[in-house]
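According to TrEMBL:
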type: TRANSMEM; residues: 36-57; note: transmembrane segment
type: TRANSMEM; residues: 63-86; note: transmembrane segment
type: TRANSMEM; residues: 98-118; note: transmembrane segment
type: TRANSMEM; residues: 124-143; note: transmembrane segment
Amino acid sequence: MEKLRRVLSGQDDEEQGLTAQVLDASSLSFSTRVKWFAICFVSGIFFSILGTGLLWLPGGIKLFAVFYTFGNIAALASTCFLMGPFKQLKKMFETTRLLATVVMLLCFVLTLCAALWWHKKGLAVLFCILQFLSMTWYSLSYIPYARDAVMKCCSSLLS
């Protein structure tokens, strides 16, 4: 009877099911979230390294761009298991990391375009380098004062 009352009032939990669980990271236990974070992060690193190895094969620029980009996306997505996808997206587009996020996402797309459609090897490699730099800058934004330390270090090296 209680189930019928929930369905009729529009509060049926079974309709949400898996979608609600995926969107709400707190529905997963802490150990499950950490395990899937590790699996996703390690596979991201693996695909990035695999892509770099494929670069040296004849015609490997396409495989390099796809695997390297997929690896970075997997590593980035791994943090969704720790904090949840909505919180991750919210943090990605905060003002402190907005520029790094936009550059990073743009480099993902441009890397694939350069390798798969434009057939420009140099551009694909350049966009991969920019992917690495933007991912690093994005990652540093989560460590207090890390960006300031890098800026001071770079400015002291240049002067």
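Using N, Cα and C of the backbone, Cβ positions are placed for all residues, glycine too.
Counting same-chain residues at least six beyond the ends of the transmembrane segment (98-118), those with a Cβ under 8 angstroms from any Cβ of the stretch are 61-62, 64-66, 68-69, 72-73, 76, 92, 124, 126-128, 130-131, 134-135, 137-138, 141. With a cut-off of 8 Å between Cβ atoms, the residues of this chain six or more beyond the transmembrane segment (36-57) that come close are 28, 63-79, 81-82, 125.
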